[in-house]
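Positions annotated as Mg(2+) binding site by TrEMBL: Asp5, Asp105. According to TrEMBL, the feature domain 'PIN' maps to 2-130.
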Amino acid sequence: MIYIDTSVIVAALTREGTTQRVQQWIEARPEGELVISPWVVTEVSSALSVKVRTGALSIENRAEIMATWAELQSEIFVSVLVAGNHFDVAARFADQHDLGLRAGDALHLAIASSAGHRLATLDKIMAEAAPKLGVPVVTV
């Protein structure tokens, strides 16, 4: 299974340079292969709010995107729960200062690592850190 981080979801839902490629990649995945967590849901909401605040997205477009996102969550993605031990693992990952991980990215990696999932991300720092933490990266 492949754990999808927020960068991939936001690129699929909004107009970015990688949108078409990401959408095609998601559509090509077999049913039940793509995994998200409640943390992804939180970050997607935050990222879309940032786009509204910066003028990159209208409130109306955000509402449409959120409706699409709700459909995708129920139709395409498998959701895994975030547990207390994920935060402990994330802290150990974040402790490795040379990797440059932010707390949220460390949590994504902890969730993927704990379940033995591969990772799909557009975040270069996270993509570089993941293999060092035992999480294989899938090219999107």
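Using the three backbone atoms N, Cα and C, a Cβ is placed for every residue, glycine included.
TrEMBL annotations: computationally assigned, not manually curated.
Ranking the binding-site residues Asp5, Asp105 by the number of CB atoms within 10 A of their own CB puts Asp5 at the top. The average pLDDT the prediction assigns to the domain 'PIN' (2-130) is 96. Asp105 (Mg(2+) binding site) falls within a helical segment according to DSSP.
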